[in-house]
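Engineer: Starting off with a structure, shown below.
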2 protein chains.
Amino acid sequence: MTDYRRLRVALLGAGSVGSQVASLLLRHGAELADRAGASLELAGIAVRDVDAPRDVDLPRELFTTDAEQLIVGADIVIELMGGIDPAREYVLQAINSGADVVTANKALLATHGPEIFDAADQVGAQVYYEAAAAGAIPIIRPLRDSLAGDRVQRIMGIVNGTTNYILDRMDAEGADFADVLAQAQALGYAEADPTADVEGYDAAQKAAILASLAFHTAVPLEAVHREGITSIDSSMIDAARHAGYVIKLLAVCERLAASDGDGESISVRVYPALVDRAHPLASVHGANNAVFVQAEAAGNLMFYGAGAGGVQTASAVLGDVVSAARRHVAGGVGVAESTRANLPVSPIGRVITRYQITLEVDDQPGVLATIAGILNEGRVSIATVEQTVLAAAVTPAAEAQTEDAPKARLVIGTHKAREKDLSETVDRLAATGVVDRVVSVLRVEGD
Amino acid sequence: MTDYRRLRVALLGAGSVGSQVASLLLRHGAELADRAGASLELAGIAVRDVDAPRDVDLPRELFTTDAEQLIVGADIVIELMGGIDPAREYVLQAINSGADVVTANKALLATHGPEIFDAADQVGAQVYYEAAAAGAIPIIRPLRDSLAGDRVQRIMGIVNGTTNYILDRMDAEGADFADVLAQAQALGYAEADPTADVEGYDAAQKAAILASLAFHTAVPLEAVHREGITSIDSSMIDAARHAGYVIKLLAVCERLAASDGDGESISVRVYPALVDRAHPLASVHGANNAVFVQAEAAGNLMFYGAGAGGVQTASAVLGDVVSAARRHVAGGVGVAESTRANLPVSPIGRVITRYQITLEVDDQPGVLATIAGILNEGRVSIATVEQTVLAAAVTPAAEAQTEDAPKARLVIGTHKAREKDLSETVDRLAATGVVDRVVSVLRVEGD
């Protein structure tokens, strides 16, 4: 075996990802050393409780509760604790002591990214985070490096496996949200408290990271428009299928052209959207992730794979560890994040996309004309209308029946419209006497 | 504008890719400088004929016929001439003068890769070649860096756009190879001399590059088993569809486990194969490319996009230029290719996969038993058999008809078998009296 320079690797956290990282480092050490050109010596694993049960058997002597002490003298620090505190302090300590940092902590990067990248830039260290955006899918290097000579126009990502699993099951089985969520929890695809996933918080963090890279702009998490999938019911899924769509929770990061006196900007948003069934994203099933990238020169690209899972995510972490080791061998300072474009993030109101509006209306002459008039005034142009007469409501008394006007369901597909115009128009529709109920308003993405 | 360090960029070649690279470099210079942390100054473009027509208008004063002179003093040399000579000499000159090299030249890398990477390693330069393997699709960095901590088990790539276009049209239109090839040539998807594409030479070069990266092993082009698509006719495409498959020209790079006294090895092969229509590769249409990667920890990944095209490929080239510039700014030596695993490349005979064998046989009792016996002796296990009685051959004289035994077509799907056993068995089948004709033998990939 070649006599390589030895690099001290400190691991913080031994959860489902961390324990797999430790196990792979120990098992494949010689192979990784050949690839890195340096021997990767796991100096220790910092955890809160040394005796907690782990997914994988690991030598007990590696464990410590003293993360601060473990970081001292480390060449590479792998942070897999999750959460903001104390992860942030340890990452900054590692950087300031000259170590490179590998992290999968999307919450940390989405909230404290600029602070961390600045600190690394000051000392010439490097922060690697392939595992933070879409699990095992290599997306960070493609965006940061491969597409660095291009102009990304739009990213549409299925970046949360739990919600994709839920929506996919709802689509396949016609089941309701609550039932599928319970099933997902039983199978371990969803957590006991599913808020971070189903309300889109997890996807929003990833969207901020992807948009920052793609547009060379620090995107604060607060600038990401976020809607979850809890309002999606089986009737919406059915209606989508009927119209040739599937509903996916998308992270959309988009470059907006200058217009109306506004300069060029970007939009970063997470919401359930209608995706044409022929679009490559429509065939991403189960808990898988995929990131669809449209770039000016490269055209359409798609990156597909497992979005989560301990051993899958460990693959991304170890790729970063090898990169960090190679950099130590090659010398030179770490490459700083490229955020000089500094484009403003536009509010959701500036977004231009297509919509599908579903209304419950009185089934009487003139209703469609009234609605079309309101849309027209609101600068929302109609592309398609489909009207279905609904069965009369069952009421206990025969005389009550006569008072109820017959109802119809109206599904309106719009041409591209500005979100601000659209939402104001929908408010006006809701306020007219002829509209009983706005059943749903969904964006259509991926034309 | 920030006062960046200036890097001299020399461009060799101004064909469909080169002229787009020059144009994008000139148009997006300021943006690229912000991302690279250095100003990229296009010092000149070396061409054979300064006055040749170009795809894009470029300043005449940039052109020179003296490549050697242009390389002197360059920080980054972009080689887009294609071919081996003089590209090889210029690339080595560039490396030895301390420049980083960006190239899209798959033929050069597949035949002289080790010489070029060694030369770069000697002086600490770096060779970038994202555009050499699957056009605009970022696949080099994912394999080289993102998966460096994992063990790639198998790559299945649609890496040649021309043949995918042809097979896709044949599948969609039921058209014959020759007709679709002529159509592809008219549309510019195939060259006047289509040999490099349809005989699999182009795919074999890319397979050698992908396998070298994935398995950390220098794979010589001669070690790549290569079959083209010229023998695929519309009846084979129909039969494939009937059985739930589509025929794709695949580059398969596979890790073979140690067995029978042989150590671990790899197989690198290019051939038309049957792919299940539910497999993600089956829905790669037109001239698109996709690379499906199976890794021990990461699981299944897929990378999809445009496989060729001047401006698409230029995106990959410019990504490499920005990476090279960042390395110049960061300092340190270039990272050497990781080829220390040095696994042997096994001959095709050691490959284990499933097959579909189509035979024309006499339709008489005992034929199937004879054939099943031969397969069994040859250690080829039958998974499915489908027999179709063929209409009697039309012969001019009635008396001739009586001498012709009725014929049947037999489609045999095998379980996994070793290629050597399979091909010996097929030879034995062909030699029996009951088999009239071996119609086709196709591998089934992607289970």
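Note: Cβ is positioned from N, Cα and C throughout, glycine not excepted.
All TrEMBL annotations are machine predictions without curation.
Here the structure is a predicted model, which means the values were calculated and not measured.
Quick paste of what TrEMBL says about this protein:
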BINDING   A:L12, A:G13, A:A14, A:G15, A:S16, A:V17, A:G18, A:S19  NADP(+) binding site
BINDING   A:K106  NADPH binding site
BINDING   A:E191  L-homoserine binding site
ACT_SITE  A:K206  active site, proton donor
DOMAIN    A:356-446  domain 'ACT'
Engineer: Counting Cβ atoms within 10 Å across all protein chains shown, which of the binding-site residues A:G13, A:G15, A:G18 comes out on top?
Structural biologist: A:G18
Engineer: Provide the number of Cβ atoms within 10 Å of the Cβ of A:K106 (NADPH binding site), excluding the reference atom itself.
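Structural biologist: Around A:K106 (NADPH binding site), other Cβ atoms within 10 Å: 25.
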Engineer: Between the Cα atoms of A:G15 (NADP(+) binding site) and A:E191 (L-homoserine binding site), find the distance and write it as a whole number of Å.
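Structural biologist: The Cα atom of A:G15 (NADP(+) binding site) is 15 Å away from the Cα atom of A:E191 (L-homoserine binding site).
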Engineer: Using a Cβ-Cβ cut-off under 8 angstroms and a sequence gap of six or more, which residues of the chain neighbour A:A14 (NADP(+) binding site)?
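Structural biologist: The list for A:A14 (NADP(+) binding site) reads A:A22, A:I45, A:V47, A:A52, A:R54, A:L58, A:F63, A:L80, given in order along the sequence.
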Engineer: Reduce the DSSP letter at A:G13 (NADP(+) binding site) to three states and note it down.
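Structural biologist: In the DSSP reduction, A:G13 (NADP(+) binding site) maps to coil.
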Engineer: I need the CA-to-CA distance for A:E191 (L-homoserine binding site) versus A:G18 (NADP(+) binding site), whole Å please.
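Structural biologist: Counting only the Cα atoms, the answer is 18 Å.
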Engineer: Do any residues at least six apart in sequence from A:S19 (NADP(+) binding site), in the same chain, have a Cβ closer than 8 Å to its Cβ, and if so which, in order?
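Structural biologist: A:S19 (NADP(+) binding site) has long-range Cβ partners A:R54, A:D55, A:V56, A:L58, A:G310.
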Engineer: Rounded to an integer, what is the Cα-Cα distance in Å between A:G13 (NADP(+) binding site) and the residue listed as 'NADPH binding site'?
Structural biologist: 15
Engineer: Neighbourhood of the NADP(+) site (A:L12, A:G13, A:A14, A:G15, A:S16, A:V17, A:G18, A:S19): other residues with Cβ within 8 Å of the Cβ centroid, in order?
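Structural biologist: Same chain, not in A:L12, A:G13, A:A14, A:G15, A:S16, A:V17, A:G18, A:S19, Cβ within 8 Å: A:L11, A:Q20, A:V21, A:A22, A:V47, A:L80, A:M81, A:G310.
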Engineer: In angstrom units, rounded to an integer, how far apart are the Cα atoms of A:K206 (active site, proton donor) and A:V17 (NADP(+) binding site)?
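Structural biologist: It is 18 Å, counting Cα to Cα.
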